[in-house]
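TrEMBL has this to say about the protein:
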type	residues	note
REGION	1-20	region 'Disordered'
TRANSMEM	30-50	transmembrane segment
TRANSMEM	62-82	transmembrane segment
TRANSMEM	103-119	transmembrane segment
TRANSMEM	139-158	transmembrane segment
TRANSMEM	243-264	transmembrane segment
TRANSMEM	292-313	transmembrane segment
TRANSMEM	333-353	transmembrane segment
TRANSMEM	373-395	transmembrane segment
TRANSMEM	499-518	transmembrane segment
TRANSMEM	530-550	transmembrane segment
Amino acid sequence: MSEELPTGPKESPPAPRAAPREVWKKGGRLLSVLLAVNVLLLACTLISGGAFNKVAVYDTDVFALLTTMMLLAVLWILFYLLRTVRCPDTDAVPYRDAHAGPIWLRGGLVLFGICTLVMDVFKTGYYSSSFECQSAIKILYPLTQAVFVIVQTYFLCISAKDCVHSHLDLTRCGLMFTLTTNLAIWMATVVDESVHQAHSLGSPHGNTSHTRLALESERAGGPVGEDCSCNTDVCQIFQQGYFYLYPFNIEYSLFASTMLYVMWKNVGRLMASSTRGHSHAPSLLSLFRETFFAGPILGLMLFVVGLAVFIIYEVQVSGERSHTQQALVMYYSFNIVCLGLMTLVSLSGSVIYRFDRRAMDHRKNPTRSLDMALLVGAALGQYAISYYSIVAAVAGTPRELLAGLSLAHALLMIAQHTFQNVFIIESLHRVPPGAEPHGTPPKEPCHGLTFANLDTLHTLPACPPTPRLVGPSPAGPQGAVSITLAPRGHWKYRCLKDISLFLLLCNIILWIMPAFGARPHFSNTVEVDFYGYSLWAAIVNICLPFGIFYRMHAVSSLLEVYMLS
């Protein structure tokens, strides 16, 4: 005889437990920042001291510190992955930031990571070719960096969007320490490349006898002072190879630092809704169909011409004085034309936005805030070089063609950076065309009308399909978002796509030239004669890496502008 069970309403499953709100977020951030500042200052002290022969800090000391930092960062990353991926906790990552770690940023990170791995192979081969007189740490360092790059790239690709809500202080300290490790590697690479560049370009001036970070033949074995000169052909190939790959290592460290900073800002962040789902981005073919093709074609033409100019410049600049003069005139002429077109195109994009009915998106977005800060901050390096060049060209004597070209190049560089930043920042604040607010979409939108209450739209008759919609936000007036619905095929958005593609291709070629060794700042004697080689070399070696990073970061930002237009 079966006993009938009582019937009644079924109990609903328990709702997922909300993440506990942090009592004092600033305290955890302050702790992690203080840790990062102290570690970074220690690394900066050893790296800067290791660049000079008269300071009793050896490059082996720098390698030992960086190796230790990378091993500690790898251990923390593995702990994080085991805690959130292998053994996921339901409350560890309750939210994911849809704006963090876009696909083009992760793609660039993977590309530069692969090139960094190739550089580590060349470094290992270079140091191993004379392992009898080399310190063991010099061979261990590139191997450790290869492991660090692999683990960190995997970590950032799968966890860049995480908003962690467990072990908050430990997570913040771990992220900030990993960020500091990348900045220390970046500083060491920049110093090494700068000293190598100064040695190769400044040997006629006789001012580089005090530098030795990149000159492995001097004190290469540390205090012992053994001679480890690179005489074989294989050793020369390895040495030249890893110096050419330094720009990729620099960009990798900066890309990783930006992604880690966004993760650090997102620790403990509470969002209105979880964004675990994956958005379906339109295909590249459909995106290219929405352009007029003028921007891509003109950009490709300048890219090809720029590559030819760069190759000819590199071949002729090391030859006779007359050939160097021709190479510099050709180099400056191309850059003046390219920068002038980029300035006009950026202005055109800003003018188009004056007639665009889409309003600004003022919602909190750490990724976008970081992009703007990096664009403005990195541009300061090129601003500094340009203003020094302007003073030297105007006040220096005698008047000659190269001085005029240098002056025009510096003025256009300032204008191009300024107007391009204005265009990119305004583009990143615009709501994408065709976007809809969270919640129930309107049934029949109305053209030219503004609503503060979304429910009002459902009571209205059919109207044209391009309204301006203002939706309330739980965050209050500061978090309000204004959205204009408009078809993607509109001529304004086609022009914006062409503009972003043109600027993207131009920034790529303007990144390639200085990143792979084009240094007209030293070949052109206008600034060298005015400031002296030592001061001018210090200015260029400090500021130029920021200019190189600006170009690469502008490429990623313009790609986002292209996707959102």
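Positions of Cβ are set from backbone N, Cα and C atoms, glycine also.
Residues of the same chain lying 6 or more positions beyond the ends of the transmembrane segment (243-264) and with a Cβ under 8 Å from any Cβ of it are 29, 32, 97, 100-101, 105, 108-109, 111-113, 115-116, 118-119, 122, 149, 152-153, 156, 159-160, 162, 164, 172, 175-176, 178-179, 182-183, 185-186, 189-190, 192-193, 196, 214, 366-367, 370, 374, 515-517, 545, 548-549, 552-553. Here the listed stretches are 139-158, 333-353, 530-550, and the one with the most C-beta pairs under 8 angstroms to the transmembrane segment (499-518) is 333-353. Here the transmembrane segment (530-550) has long-range neighbours at 190, 194, 197-198, 202, 205, 207, 247, 250-251, 254, 374-375, 377-382, 384-385, 388, 391-392, 395-396, 417, 511, 514-515, 519, 521-522, meaning same-chain residues at least 6 beyond its ends whose C-beta is under 8 angstroms from one of its own. Looking at 30-50, 62-82, 103-119, 333-353, 373-395, the range that has the most CB pairs within less than 8 A of the transmembrane segment (292-313) turns out to be 333-353.
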